[in-house]
Each structure stands twice: as structure tokens, then as C-alpha cells.
Amino acid sequence: MTANIHNHRILILDFGSQYTQLIARRIREIGVYCELWAWDVTEEQIREFNPNGIILSGGPESTTEDNSPRAPEYVFNAGVPVLGICYGMQTMSMQLGGDVEVSGEREFGYSQVEIRETCELFRDIQDSVSEDGKPLLDVWMSHGDKVTAIPADFVTIASTETCPFAIMANEEKRFYGVQFHPEVTHTHQGLAILKRFVLDICGCDALWTSAAIIEDTVARLKQQIGDDHVILALSGGVDSSVTALLLNRAIGKRLTCVFVDNGLLRLNEAEQVMAMFKGKFDLNIIHVEAEDRFLTALKGENDPEKKRKIIGHTFIEIFDEEAVKLPQVKWLAQGTIYPDVIESAASATGKAHVIKSHHNVGGLPEDMKLGLVEPLKELFKDEVRKIGLELGLPYDMLYRHPFPGPGLGVRVLGEIKKEYCDLLRRADAIFIEELHKADLYNKVSQAFTVFLPVRSVGVMGDGRKYDWVVSLRAVETVDFMTAHWAHLPYDFLGRVSNRIINEVNGISRVVYDISGKPPATIEWE
């Protein structure tokens, strides 16, 4: 057994920055376990967590307001290093006797910081050197307020032209404040700064690796489940697939997976899932072919939200029916990941593992009394993918573009019919195939085809045809909260259009969606 991968840990207190989860992901990349909590935690909770260091995140509030968030006083009395980032630096300064004011000159975007005094956090870290020999850092700023006076026992380490206290430090207490964001890639030395803080100043060892996570998770699953049986809804998506393989490694044939083919999957997806998990990995899988049942339930329904609810309810019904056939099952496994936990955690309650209802299978009969198994609940999506690779899942499967839970149910506009799904599957497969051939698939964040329930006249040979329209959609995004439409080459789009119209009998016109998010959403429904 490897060393306890949770022994060394960093606590990140969240003040609401859009980059806070990125801080946690960077710390994990360094190889150290960390957790992300709301800023208003209690002293008791911090003591119980026993971190090696604490990071105060940025945030949208102003420390000049009376009711703005503050770090718990215990943070500065815990005897561990503290790093304040942006708002975190400002509240650190304010709480320890410094001063913060609303700045007349806001800094958003690229800036250059000049390091004037040496300190352990920035020793030998620089991007360039000024004319008078001072180290310079290329950083990313995003702040309106600024520190105008640092606490008495702090030293000014660096400044910019408009920010006199860009970095401050109390080396004796190991307290550091930076006005910029080291967690974003625009701060070129950001990862080096975080490594220095976590590994050197906090004294953490890099124990958090994919191989160690697998070993630790399997051991904990064995301990939690014992000799019991587990049921899992396997979709073929990243989270449920990695969950299945971790459980398979821990308990083998005592895991039963239920794979429901709802008729709303991608071309040949059901066959691929069965070949992968039943064939290659020899998992115990119940394959439920339920296309007719789903399409019957959806017949005549045009409203997108009602379609989603019908699909979800029908899935739960089928899963329940299969689950009650397995009286030996004592546990329900889910692919809940850490961002789900973060979103669900109630502020200052300590209930960090309350899961949102839409992530649960839900609807199971109460008398089943199944325990919940969530092997991925500490992991970010990128960590889940790396573990999947380690477990033997193919790269192309793990790094596929996102596919919505309701599947083609939200990509066939209006009423869902088998004819529409079959046409859409074939058209979408051509689009994705051509993206791969042109080496464009990994250059866009998400690409798919939408079936439009309108007919358009077309000409084939000497005849006219009156067939359906599909829209191609491809976007580029970092976080899926906003997105730009992908500027795919015209000749590529022409090639895809020609193939779809010539090879998919029933489609006469192909259009390309050039809407950004906002105002449009990425999916059409």
C-alpha cells in the first residue's frame, strides 16, 4: 500500500472567484490533495481538516464593504502558511491591520510585476529582467480594489505601475498575498509559484497521482462494500465508465451494470459499449433494449423540458425494474465527481457531500434501502480521465466531446421519431468522422448535428426531392459557460455537407450554426 494520499492537504477557501476551481485543479496537478470550502467555515472544521496550508481565493466582492466576506480569524492563528490571491490578499491585509481602497484605475488582463525584494515564494522565479536588473513576472490581473497599506509586519515584495502592493509577505509567519492570479495560464510562472508554496513552503509531498488514487480508491471500496453486491447505471460516458472499472477492480463479479439503450444514442454506441465493457473488460452487464418504450413515451411531445423529464422518468422506471430483480444488491454506485459536490455543499454547514438530485439515479423504492457508493466524488473531470487511461480505457472514448444525458432527445427538435433519430445518427457520424480526418476534432470543444423538423426542396439528378434539414454545430470554449462558434474552413464544411446530402437518404439541406453563447445556448434544446 502506498503512503496515505490524503496525509498532506491544502485547504482552499472560496470567496466566489470564477477561477477558484482552477486553483484546486492546479494543486491537484502538482500532486497534492486539496479541498475547496466556502469562506465561512468554522475553526472546528479547519482544525478537523488539519491542512498543511491554506489558500484564500479571489472573489467579486469589495473588502471595503461592511458585509463583505472575511476569512475566519483562525486561519491566521492556525500556524500554517497562508496564500491570499486577489480578494484573498485584500481581506488578509484588511484583517491583519492593512488598508484597502477602491482603485481609480482597475486592472483587468495582462500586467507586468517587478519584484523588488526577495522572498522564499518567488526565489529564482521570473519571466524576464528589467533594465535595472529586477526580476519581472508576466501575470494576469482582475481587480478593482487594491491594497493601499500593508500590515505592519509585512514587506512589500513587488509592484506594478498602478498597483504599489502587488505582492506582500510575512516570511516569519509564512503569509503571502498576491494581487494577480497564479492559477490561470496567462500568469506564465503561476504553476511554479503554486508549486513553491505547496511543496516547499507548506512541506507537502506529491502523493496525489493517478496510480496512487486508483490504489487508494480500490482499497476504500473493498472496505466500504465488504462482501456485498453493487448496481451501477452504465451509460458509456466517462464518469460511469471509470466508476465501473474501479468497482470491477475492487469487487469483480459482485458488480452488476445496467446499460439501457434508449434509442437516443449515437451511431453504433450501444454495440461499442457492450464490446468494450462486456467483451474487453468482462463486466457483468444487463443490456436493456428499450428504444420502443422510450419512443412510445415521447410520442407527440414537443416541449424540450417535458421531453427531458419523460426520458429521465422512463430511465428510472427501467432501472428500478432491473434493480428489484437483484435482491442481493446492497449498494448503488454513482459517478458523482467533485464539482458536483462543490456545487451542492451548503455554506458553513460542513455538509460537503450533499449531492444534487439530478446527479442521483433517484426514484428507487424506499424498501430497497441501498447504500450509496461514489468512487469519484473527490475527483475533477480531468483527474477522472487520467485514471480512465490508467485503467485501460481508450483515449478517444475518454476525451470525446460532451454528450447530453437525454442524448438525441435534445438534438431532434420537436417530436422525437425513430426516423428522425436514424437520420441524425448517420449525419452526425459523418460530421465527426470528417472532423477526425481533418485533424479538427480536438481543436473544437464540442461538435454535433441537430435535426430540424422542417422540409426543404432539393435536386438530385433530374428529380426534385423534399426532405429534412440538419444543422452542424461546433463551438470553442474553456468552461462551457460562454462559447464562440468555431470558424471551420469553408472547404471542410462543403465536404461534410456533400457527404451528408449524398449518403443520408432523407436529408436535402445542411446549414451551419454561427451563434455564440450567449445569446444562444450550445445545445439547441
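The backbone N, Cα and C atoms fix where each Cβ goes, and this holds for glycine too.
Per Swiss-Prot, the features are as follows:
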DOMAIN    9-207  domain 'Glutamine amidotransferase type-1'
ACT_SITE  C86  active site, nucleophile
ACT_SITE  H181  active site
ACT_SITE  E183  active site
DOMAIN    208-400  domain 'GMPS ATP-PPase'
BINDING   S235, G236, G237, V238, D239, S240, S241  ATP binding site
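Locations of recorded Swiss-Prot features on the structure.
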residue	record	DSSP class
C86	active site, nucleophile	coil
H181	active site	coil
S235	ATP binding site	coil
S240	ATP binding site	helix
What is the nearest of the binding-site residues S235, G236, G237, D239, S241 to C86 (active site, nucleophile), using the Cα of each?
D239
Please compare the binding-site residues S235, S240, S241 by how many other CB atoms fall within 10 Å of each one's CB, and tell me which has the fewest.
S240
Let me know the model's mean pLDDT on the domain 'Glutamine amidotransferase type-1' (9-207).
92
D239 (ATP binding site), Cβ-centred 10 Å count of other Cβ atoms over all protein chains shown, is 21
In chain order, residues whose C-beta lies under 8 angstroms from the C-beta of G236 (ATP binding site), counting only those at least six residues away in the same chain, are F259, L265, E269, Q272, V273, M276, F277
Residues near the ATP site, S235, G236, G237, V238, D239, S240, S241 excluded, by Cβ within 8 Å of the Cβ center?
L234, V242, T243, G335
What is the Cβ neighbour count of G237 (ATP binding site) at a 10 Å cut-off, with all protein chains included?
17
In the structure shown, which of the recorded positions C86, V238 has the fewest other Cβ atoms within 10 Å?
V238
In whole Å, note down how far the CA of E183 (active site) lies from the CA of S240 (ATP binding site).
29
Most Cβ neighbours within 10 Å, among the active-site residues H181, E183, goes to E183
Quick note, D239 (ATP binding site) and H181 (active site): C-alpha atoms separated, nearest Å, by 30
